[in-house]
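Noted in Swiss-Prot for the protein shown:
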SITE      Asn9  site 'Discriminates between blocked and unblocked aminoacyl-tRNA'
BINDING   His14, Tyr62, Asn64, Asn110  tRNA binding site
ACT_SITE  His19  active site, proton acceptor
SITE      Asp89  site 'Stabilizes the basic form of H active site to accept a proton'
Amino acid sequence: MKLIVGLGNPELRHAATRHNIGFDVIDHLAGSSTFSSGKGNYRFTKITAPGGPLILVKPMTYMNLSGHAVVAAMNFWKIERENLLVICDDVNIPLGTIRIRAKGSAGGQNGLKHIIQSLGSEEFARLRVGVGGENMPASLSSFVLSKFTAEERKCIDKVIPVCADAVLDFASLGVEHAMTKYNGQVC
């Protein structure tokens, strides 16, 4: 069993923003599955995938407190770190680029930073989705909370299903395979 966590902010006003790309990938994977409240501040659904069951989680905390929900879900389902994949936005990666890593630093992503602090380890897989632009504003917080332009949305709509495929490959074939196959520019 794998725990797949998509990072985002819970309020409706944050839907379809750069910061909520993790939620978008989780929703794509979930399809018509319904989400339930977990024992902790998160919503989840289970799906069956070629590599076995996947628990899809959306923390209902704000991004910067995502670690609380991740730890609660891991404890509830007794998930080890090697069976965890976190999906998040990354402003330091060009729009439309996927970067999967088996471990590493937060790289300035505050949701990842809190998860690392909460777990006491950087040893978990992450799938970063590039949301950066050429003309980044001085205020990164307003940038990540902004919606994509129409042109950017066309690219993101191509990236989300590729990210979902990468998650399925991570679950069935492992992080190294997913890295080799999916790391790079999608659009």
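Here, residue 1 is simply the first one shown, and the rest follow in order.
Cβ coordinates are placed from backbone N, Cα and C, and glycine is handled just like the others.
Recorded features from Swiss-Prot, shown on the structure.
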residue : record                                                               : CB count, 10 Å
Asn9    : site 'Discriminates between blocked and unblocked aminoacyl-tRNA'    : 23
His14   : tRNA binding site                                                    : 18
His19   : active site, proton acceptor                                         : 24
Tyr62   : tRNA binding site                                                    : 17
Asn64   : tRNA binding site                                                    : 12
Asp89   : site 'Stabilizes the basic form of H active site to accept a proton' : 23
Asn110  : tRNA binding site                                                    : 18
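The DSSP secondary structure for Tyr62 (tRNA binding site) is coil. According to DSSP, Asn9 (site 'Discriminates between blocked and unblocked aminoacyl-tRNA') is assigned to coil rather than to any helix or strand. Classification of Asp89 (site 'Stabilizes the basic form of H active site to accept a proton') by DSSP places it within a strand. Within 8 Å of the centroid defined by the CB atoms of His14, Tyr62, Asn64, Asn110, the record's tRNA site, lie the Cβ atoms of Asn9, His19, Thr61, Met63, Leu65, Ser66, Gly111, excluding the listed residues themselves. Of all the recorded positions in the record (His19, Tyr62, Asn64, Asn110), the one with the smallest CA separation from Asn9 (site 'Discriminates between blocked and unblocked aminoacyl-tRNA') is Tyr62.
Between the CA atoms of the residue listed as 'active site, proton acceptor' and Tyr62 (tRNA binding site) there is a gap of 10 Å, rounded to the nearest whole number. Across the residues annotated as binding tRNA (His14, Tyr62, Asn64, Asn110), the two Cα atoms farthest apart lie 16 Å from each other.
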